[in-house]
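Feature annotations, courtesy of TrEMBL:
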- 25-468: domain 'Major facilitator superfamily (MFS) profile' (DOMAIN)
- 21-38: transmembrane segment (TRANSMEM)
- 73-93: transmembrane segment (TRANSMEM)
- 105-122: transmembrane segment (TRANSMEM)
- 128-153: transmembrane segment (TRANSMEM)
- 165-184: transmembrane segment (TRANSMEM)
- 196-217: transmembrane segment (TRANSMEM)
- 282-303: transmembrane segment (TRANSMEM)
- 318-340: transmembrane segment (TRANSMEM)
- 347-369: transmembrane segment (TRANSMEM)
- 375-402: transmembrane segment (TRANSMEM)
- 414-434: transmembrane segment (TRANSMEM)
- 446-464: transmembrane segment (TRANSMEM)
C-alpha cells in the first residue's frame, strides 16, 4: 500500500513511464517470457522429424521397433515434460525470490537455459532421445521460475497507474516467442530435418543478451527495503527507475510499510492456504490459472498443424497459416497491453474467455459439417485464430498480473507458487492428454474447452472485482465481505485491526 499512497501524493512524475522502467520490462521479458512462448510452439513444426529420430534411434541402437502409439506417447512426453519442469520451477519461486531477490533470481536462472539448450542441440549427434526430453525438462524449470518472477518483479517496480501496462509486457513477449518459433520453423528456414536440433537450441541467444545486460539494472526497491533493509540500495534503485519522481516521499512510505511488516515473515504456501483473510483471493487465482490452461489454448499451440490438417487445409499451406496465426497473437497481445489501463482487468478476462468459448464450439461445428459445407474449413481456421486472439488479449497475461495485485508483500511469493504450480500442472495435462482425447472424442473434445471457458467467464462476472487503479488495501476490502472478515477488521471508529488480519494488511488507516 505504501507505493499507492506515495504515487497519489507524488504528482505527475511518479506515474510517468520512464525509459529505465520500459527497458527493464522488455529486457526481463525478452530473455524469459519470450522463451516460454518459443518453447510452447517450437516442437510443433519438427514433430514428424522428432518422431522419426526416436524411431530410428530405438530401432538401430536398441533393436526395438516402436509402433505408432508408442511414438505418439514419446512425442507427447517431449511436449508435456516442459510443463513438468515448469511445475518444478514454480515450486522453487518462493525460496529463490526471498533469498536472491527478483532480479537476482532471473539472472541465476539463465544457467538452466544454457544447459537445456546444449542437451537439445547435441541430442541428434549423440543419438540420444533422452537428451531432448531432459533438455525440455530443464528449460521448463527455467520458464516455471521466470513466468512467476518476471510479473512479480515488474509489479513491484511499477507505479499503480502503470501496473497493468507493464504487467502485460511479458504477455506480448510470450506471443512474440510463439510467432518467432513458427517463422523459424518454416521449411525455407529451419524447418528441415537436419535443422531441428538447432531450432530447439536457439533459446540460448536471447538468454545470453539478458545475462549480459540485466545485471546492470537495479533490484526491486520494495525487496531491497522491506525484506533486506538496505536504504542506500533502495534510494539508488528508485532514482534509477524514477529519475524525476519524489524519491524521499516514496522512501518514507516504504519505510512505514517496512515497520508495519517488521513482525511478519514471508508466509508459506500452507500458511497462505490456511489464511481465511485471503480465501477468495486464493480461489480466484486457482480458477484463473487452471482456466487459462484448460481453455484449449495449449492444445492449439502444441498441435496447430494437426488441427489445420484435420480442418482440410492442404499440407503445403499449413505452415504459412500457422505463421499467420502467430502474427495475430502478437497484435492481440499488444492490443491488450495498450488497452488494459483504459478498460480494466475484468473486461479483458470476461471478454477473452467468452470469445474463446464461442470459438471452441465453432471448431466442433465446423469440423462436423465441413464434408457437407465446403467453406466450413475456413470457419474452423477462423475459430482457431479467434481462440488465439481472445487468449492473447486478456487471459494470457492478466492472471499473472492480478496475482500480484490480490496479494501483498508477505503473501505474494506463496501466491505465485500456488498459481504457477496449478498453471503448469494444467499445462502438462493438456499437452499429454489432448492427442488421446482428440482420438477418442474427435471434434467434440473442444466442447470441453468451451464449457471451461464459459465457466471462468461466469466466475469473473460474479466474483472478481475490478482492480484497476486500486490500492492493495482497497482490493483487500473488496474481498473482505466474501471472506467474512469485515466485522473483525473494522472497529467502530474506523481503525483497521492489522492483528486480526494475521499481518496481511500493511498500513493502519485512521478515519
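Going from the start of the chain as shown, residues are counted 1 onward.
Just so you know, glycine gets a Cβ as well, placed from its N, Cα and C.
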Counting only pairs 6 or more apart in sequence, are there at least 3 Cβ pairs under 8 Å between the transmembrane segment (21-38) and the transmembrane segment (375-402)? no
Among 105-122, 128-153, 375-402, 446-464, point out the range having the most Cβ pairs under 8 angstroms from the transmembrane segment (318-340). 375-402
Contacting positions for the transmembrane segment (347-369) when only residues 6+ beyond its ends and CB under 8 Å are counted: 288, 291, 295-297, 307, 310-311, 336, 339-340, 376-377, 379-380, 382-384, 386-387, 389-391, 393-395, 398, 442-444, 446-447, 449-454, 456-457, 460-461, 464
What residues elsewhere in the chain lie close to the transmembrane segment (375-402), defined as a C-beta under 8 angstroms and at least 6 residues from its ends? 147-148, 151, 155, 163-164, 167-168, 170-172, 174-175, 284-285, 288-289, 291-292, 295-297, 300, 304, 307-308, 311-313, 321, 324-325, 328-333, 335-337, 340, 345, 347-349, 351-353, 355-356, 358-360, 362-363, 365-367, 369, 419, 423, 456, 464, 467
Remote residues contacting the transmembrane segment (128-153) - C-beta distance under 8 A, at least 6 residues beyond either end: 28-29, 32-33, 35-36, 39, 43, 50, 53-54, 57-58, 74, 77-79, 81-93, 96-97, 102-103, 105-106, 109-110, 112-113, 115-120, 122, 167, 170, 200-201, 203, 220, 397, 400-401, 403-404, 412-413, 416-417, 419-420, 423-424
Roughly where does the domain 'Major facilitator superfamily (MFS) profile' (25-468) sit in mean pLDDT, to the nearest integer? 84
